[in-house]
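Have a look at the structure below before the remarks.
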Amino acid sequence: MIEENLKQKIHDKFVAAKKNGHLKVTHAESKKLKDPQTTTQYWVTFAPSLALKPDANKNSDSKAEDPFANPDEELVVTEDLNGDGEYKLLLNKFPVVPEHSLLVTSEFKDQRSALTPSDLMTAYNVLCSLQGDKDDDVTCERYLVFYNCGPHSGSSQDHKHLQIMQMPEKFIPFQDVLCNGKDHFLPTFNAEPLQDDKVSFAHFVLPLPESSDQVDEDLLAMCYVSLMQRALTFFQDWTNESPELTKSYNVLLTKKWICVVPRSHAKSGPPLMLNINSTGYCGMILVKDREKLENLTEDPHLVDKSLLQCGFPNTAGQKPTEYHY
């Protein structure tokens with residue numbers, strides 16, 4: 001059971017840690033762009049100071065220390081989120097978005113492992129605790145949970161963790177539009193997960209029940225497994241041709257929907273060369289130099305091209321047996 005007043009506890013811990021220098025908020029400026037070809041909204045954040053940090057996705061010869069094994073006490077929101085000893089909640093030490101939090105397994109588990117029903121339910125309960133019953137896309141504070149799984153997903157730590165952050169005000173990810181007016185369902189051969197046929201990259205989305213009372217571990221697990229079945233088909237031929245490559249994917253979860261995106265690369269190719277994690281696949285893009293920001297402002301469709309470079313081609317309208325790579 002998620003403890004009461006979690007939102008206030010995160011806020012208080014964040015304010016104290018920032019004041020005492022235990023975390024540093026990355027200075028950034030953001031702007032909303034719209035892709036004229038796909039009509040997709042993008043929230044582009046410019047954070048030049050991040051260009052000075054080493055690339056966390058680059059492998060090093062020595063095994064990196066686990067930052068979640070003995071975290072700074074000033075960053076620990078709670079040592080036992082559920083009261084069952086499974087999870088702790090930490091603050092991100094270098095957030096771009098204030099109060100960016102990490103849902104971390106108490107014992108070490110591999111970031112390449114699948115999400116469990118408990119992982120999914122705990123993440124959903126955190127969303128409910130932070131967001132309450134408010135569901136107005138425009139006026140309420142909305143939160144996103146995301147999971148970067150595998151080396152091509154944008155993951156930078158080996159210890160299993162999901163991330164929680166507030167979504168930008170008045171920002172509408174394409175998954176919202178895709179699920180608008182649609183009831184919850186589980187896929188069958190005749191009812192595939194939702195895909196937006198206007199964007200170029202493969203993604204699989206299911207709307208969740210409007211009432212949180214109808215959401216339980218079994219439902220979330222069935223949604224996740226059905227989406228993963230579609231996503232994993234992309235790796236069948238790929239791994240046969242290049243067996244050294246590891247399966248990677250992103251999971252995005254809001255109170256309204258769950259989305260899985262298969263990944264082929266962590267970084268896009270020219271012209272942008274962007275490091276992209278889960279947040280990119282709901283339209284939130286981070287850039288570190290002004291030239292790229294200007295390129296995106298001039299041609300927002302470059303985002304869609306970059307997302308395809310890091311993923312696989314859209315298969316909207318195809319059955320799983322018809323997917324091609």
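Glycine is no exception: its Cβ is also placed from the backbone N, Cα and C atoms.
Positions annotated as substrate binding site by Swiss-Prot, on the basis of experimental evidence: K53, N92, K93, N148, G154, S155, S156, Q157, Q163, N277, S278, T279, M284, K288. Mapped onto three states, the DSSP output places S278 (substrate binding site) in helix.
Cβ contacts within 10 Å of H161 (active site, nucleophile), excluding its own Cβ and spanning all protein chains shown: 22. The active site, nucleophile annotation in Swiss-Prot covers H161.
For M284 (substrate binding site), the same-chain residues 6+ apart in sequence whose C-beta sits under 8 angstroms from its C-beta are Y42, W43, T45, M167, P168, F171, P173.
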